[in-house]
């Protein structure tokens, strides 16, 4: 049965989160009564309020009001006063993925999974479907620059969603097409073991109906291994791997643009197709890989080669995905969400390939549990940065773990052989180091899923203030 409109008020706890805000926005646009609360008055909260959605800042039992249903972010604990109040009133408690599944139930759906690259790949698929006049609904884990939001209504039959594997609820999503970009050691605090992560992604693919298909990146050993174990579903492989069904090759980069070709070979018919001289307005092989997943789906859905080329060339990117936010004396400043060693390594590799000068990385570790599980990987992921600045850990509600903090990470990176890694405490430290050591042509790259983005956005103005003060002193 389709979810009726007259179900009453839906209350979202943690509505300011990137995933929750998109779902709440779409339900509001569909005509449902929506409200919510969040601990922080952030940009997502303001966007929802501007659309007429009531959002309380802070979590309190009385925020529920006349709510009939309560939707919970994965970050909400059982000690949350709104959770407790909902339990006392015997209100249905709904997980974020369940609400997303309701939206997907009556459209043909593409779900993008993987431990990294989901947000960009989701955005690229949406862009190519848009270029092919599919007019898709989109719910993403990041702000799509072309839309100015992470949610898009769309009137077409297709829907594109980011499938968050962090708590296992992505297995609830009824997808016709499933994408797996990669599988790495992540969210072990939930899964308990990497074997459990592998099993979850296998189930994600096997949940695809017999008339659907999976799109798997076989450049990643774990995903190639997964592909070999899927024998009852249609699988399309992609990557730089010569054995991939959809293969990208002949890469060249010019600043923030990447040029490449794609060779496509159908397992069903044996037909071979080439797409040459593709232009992606982003740097980095990892972004070309993400684009190739989108091309694979667009091609399979019958979107013309010309529309694919046009959609790719016009792709506007995603907020906080190697986003240039300013410059100072020829030094380019970027902000990126990367917080896992694999993501950090890919971003810094892209920066190294496109920068004319050096790369200065400012990283804010996200969660003590992630540092604990991936400590050695973090020590080895900064090789493409000439200078590494490590900020205090963004705890995200976790308690510190002895021996796994920012200072210990700096020491571990040094022991792994990096020649210039430093501990910093605040934005003023960044201003001092960048103003002293950077030169025209250098890239400054902020990395992290916490509030490091605020430092990134503030740095250009802080450097301008430094210039003014320097000029004043000289006068």
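Backbone N, Cα and C define each Cβ position, glycine as well.
Note that this is a predicted model, so its numbers are computed, not measured.
If you check Swiss-Prot, you get these features:
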BINDING   114, 115, 116, 117, 118, 119, 120  ATP binding site
Neighbour count (Cβ, 10 Å) for residue 114 (ATP binding site): 25
Cβ-Cβ neighbours of residue 118 (ATP binding site) (radius 10 Å): 26
Check: same-chain CB within 8 A of ATP site center, minus 114, 115, 116, 117, 118, 119, 120: 112, 121, 181, 182, 290
Neighbourhood of residue 120 (ATP binding site), C-beta criterion under 8 angstroms, separation at least six: 142, 287, 290, 317, 318, 321
Which listed residue (115, 117) has most other Cβ within 10 Å, given these are binding-site residues: 117
Set of same-chain residues at least 6 away whose C-beta sits under 8 angstroms from residue 116 (ATP binding site): 181, 182, 184, 286, 340, 342, 343, 346
Same-chain residues at least 6 apart in sequence whose Cβ lies under 8 Å from residue 119 (ATP binding site): 140, 141, 142, 162, 318, 321, 337
